[in-house]
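Undergrad: One structure, pasted below without further comment.
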Amino acid sequence: MNINVIIIISKMFILLILLPFVATFDYSIKIEEKSSINKTIYQFSRSYELLNNFQSNFNLTNNNKNLILTKIIDRDYWCSQNICSCDYCSFILELFSNDDKISPIFSTINITITDRNDHACQFLDIQKNIFLSESIQIGHRFPIARAIDYDSGINSQLSFKLLNNNDYFELNIIKLTTNEYAIYGIVKRSFDRELNEKYDLIIEAHDHGISEVKFNRTKITLWILDENDNAPKFNQTEYSIQSLPEDTPIGTKLLTISATDADKSVNSLIHYSIIISSDITSFPFVINSTTGIISLRSSLDYETVRTYRFLIRASDSGLPQSLYTDTWLSISIKDINDCPVEIFFLSNRQFQYDNHALFIYENTEINNLTLGYIRLYDRDSEQTKLSVSLMMLEKNSKQDYQLILSNQINSYTLIVKQGIFDREIQSEINLRFIATDTLLTSIYDLKIYLIDLNDNPSEFSSNVLKFYVEELANYHMIEHSIENYQLTIGYLNAIDRDEGENALNKYELELNSLVDIDSDTGRLYLIKPLDREQISKIELKAKAINIVQPKWETEVQIQIHVLDVNDNIPQCLTPYHRILIPENFSIDQPLIKINATDLDYDINGTINYSLQINSSWPFEINSKTGEIYSRQLFDYESEFKNYLLIIDLEDQGFPKKNKNKNACQLEINIQDINDNRPDLIDDKQTKIFIDLQEPFKNEIVLLNVKDSDSDDNGKIKYTLLADDNNSLFIIYQNGSLQMVQQINQISLFKLKILLEDYGIPSQQTIINLIIAIGDSSIPSFSTFEKVQLKYSRPRTIGLILGLIVLIITFGLFLCIIITCILLRKHRRRHQAAIIARSKLLCSSSQQLTSSGSTATTNTTSSLSIEHQQIASIIQIKPTYRHEKYHDQHSSQSYTVDTSSPESRTYRILHVPEDNEYYMRYYQQEKIDNHSSDHGYHGSNETGSSSSSSSHISMRRSYMVNQLPNFVTRCKSVNGGFLIEMNVDGSDEDAR
């Protein structure tokens, strides 16, 4: 087989294999402009979706199989705006189909808009007044206007006719484009301005429409002049620029237009201009009016306008009418690779897509999930290789994305291989597609928004929500009592990580009588006034419930703290106080503490105390404690004895609340104390003179005495102190001093009167009164002073005598002290001698007889023995004269016989102290006192008489450890001792 045949077969085989991958299923239709909308203009065999929608004029219906118009298309407008070509208005729509559910099929449909004869001819640049020289040459051509029909094809072809003055003029028509014409006039014969200087020309134009012919007319006026008979002439009949690159820089000089004028001077000066339709808003070319250089002033775009054809006008500067000539300039644009690749994204039908945004439900299962398809398109005419890459804009993506090349040219599938869609972690995902045609790069950003599901319960910012409301709300609700008035406390705001309806909650509040809640907004409001002094804090439970299934519930504890408002006036606990204060009350101690209360809290309840008093009053108050002090001691005897104080109360809140009008009243009564002595007011009353020449009056004087104290403390009692003269005078309780009897001799009396009040303790004052009784008839006793002088002289002698007596008395007292000291020393020596005597043992049979001896008054003391019990000493035979002695140290007395100093016999009954038995024994026993004459003693018993026995009743204490030798008998008597002893003059020391 020929090798060439083999190659051809191979190529055909490869083409058959690749044919399914490059087929685009193209479609083509034609529609007339201004066709009805919402009517099917094409029906596909499969369902399609639009990748692009030209001017948003199309849509797909009937399961995306019918293509319809959504807007009326005006082809002529699109042509004027360069939206489409005026010669051939067509465009391509990109389609894709996903019916096979494997990979999409991309197709294109070419739509051509055919023209409708809906426009009549339009005259442009009409020269309403044209000036021609009367010497102008026959055959001269002059421009009249331009004519255009915005239709296309046969509808845009025009024919022109001159309706008058055909003898002088004819029309010259030049076709500029398929639908635009230049109208010129040609002079057919010479003019004579003197015959006719004005010509009116009527020009009619009509199109070649088949169904309907449209026409139009215009009128111009020609004026015949004497000058400027030459118009400018171009050096070329037409100019052109071929293949101008679309990327030509702005400002580039493209071409120089040149024209000449045969006239002279000003008439030969030429100006250049570009003649374009007024409908064109943007034109990329500009001409220098003097040099004729054409430049580029804006960028070119081959894909928008591929060719330009426009008039260049050369005008002279002739007067009074300028002449001009037009020529055509055609410019063709050369395409370059200046269009970046267009990227079209088609989403998976199960997901919503809109304007670069893809919406996917969170928690959608990911396992090579297809998100959509990518289609690349390059509008440049030069075909180049296209490629695309994927970039993740998030640093820490939770998914893995991949682009897979599909079985069609420049088509890709976007899949997500693995990961998780969790809106609360990642609410949006940003993908970037970068496409290139080896020279230019384009970018397409795709946002993936995760649609929320209600997969999270609501959360409060804290487990305990605290709200604060002023108790002033109480007054708002009372003073402004509007029906259904609700004072807002705050809002419950449960935060849900979900969004939209999934984050919406209904709120419920624990049932109570004070606060309620708006279930939709979470607004807490009062339904009853609050008073902090009654309720300071409210604790309730609330919960937020999702409105979408599953209805998540979240509980929260609510604390509503009622803030204090200074709404209470300070009040005294006791509005009126009455106190009695002694006048000697210490100024360091508070008189009283005013107790007041303010039900408000903290500074609003802190009370300041102040006084409303006479500035001369000595009171002050501690503004913090309410303690009232006196700055000075009271004096009941002063002017003020009663005070009424007004205590003002004011708190420290804002605004301050006070109670000034008789807020607290304090009545202070000063109590008198006996702090004043009675005083004689008139000192002259202390010296009283009574004249014997005057009649006798009992009342000597009525004492004017004052005690500043009151009541019993000021009531005075008068007492005349004891004196030798008391019998002569008497004083009454009214202060009247009177004489009891009349005294008829000159005398001087000194009285002491005690003034004493009845207070406790009492106050006393002694008044010394001198009463002088004189005689006015005797000059030396006629006045008080003279009588006083006479009786005051012996007083000095008496004072001296008294002083001498005092000195003698002091000397005697000193001698007695010395004698007592000497006697005490002698007694101690005598006691030592007694102890030195031999001890005598007493028996019950011993007898003792002795003669009497001289008794002395201190016998008992000579027998004293230290540390012995009390004993009674009884005289045995009292036959002499007796002297009675009294013991100053006891109540007992005893009789001692002093008739004879010679001899005396004694019995001593030793009785233990407080032993009543022995005392009774002593009282029953009779002891006779026998006197015996021993010769020496008997001679001294003369002149003595017997007397009854003396009983000595004394009790003294003795310890009988030893007996002296003069003890003759010692008898034991039931535990006691009866001792007999004989004492004579020789035993005086022993006694």
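Sequential numbering from 1, following the chain as shown.
In case you wondered, yes, glycine gets a Cβ from its N, Cα and C as well.
What TrEMBL says about a protein is an automatic prediction, not a curated fact.
Feature list, courtesy of TrEMBL:
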type     : residues : note
DOMAIN   : 124-234  : domain 'Cadherin'
DOMAIN   : 243-344  : domain 'Cadherin'
DOMAIN   : 352-460  : domain 'Cadherin'
DOMAIN   : 469-572  : domain 'Cadherin'
DOMAIN   : 573-680  : domain 'Cadherin'
DOMAIN   : 700-781  : domain 'Cadherin'
REGION   : 929-953  : region 'Disordered'
TRANSMEM : 12-29    : transmembrane segment
TRANSMEM : 797-823  : transmembrane segment
Undergrad: What stretch of 352-460, 469-572, 573-680 shows the most Cβ pairs under 8 Å to the domain 'Cadherin' (700-781)?
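TA: When the Cβ pairs under 8 Å are tallied, 573-680 comes out ahead.
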Undergrad: Against the domain 'Cadherin' (243-344), which of these stretches has the most C-beta pairs under 8 Å: 124-234, 352-460, 469-572?
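TA: Highest pair count goes to 124-234.
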Undergrad: Counting by DSSP, what is the helix, strand and coil composition of the domain 'Cadherin' (352-460)?
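TA: The composition, in the requested order, is 0 helix, 60 strand, 49 coil.
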Undergrad: By DSSP, what is the split of the domain 'Cadherin' (700-781) into helix, strand and coil residues?
TA: 10 helix, 39 strand, 33 coil
Undergrad: On the DSSP side of things, how many residues of the domain 'Cadherin' (124-234) fall into helix, strand and coil, could you say?
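TA: Its residues divide into 4 helix, 57 strand, 50 coil.
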Undergrad: Please work out the helix, strand and coil residue numbers for the domain 'Cadherin' (243-344) from the DSSP assignment.
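TA: Summed over the domain 'Cadherin' (243-344), the classes give 4 helix, 46 strand, 52 coil.
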Undergrad: What are the helix, strand and coil residue counts for the domain 'Cadherin' (469-572) according to DSSP?
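TA: In the domain 'Cadherin' (469-572), the DSSP-based counts are 11 helix, 43 strand, 50 coil.
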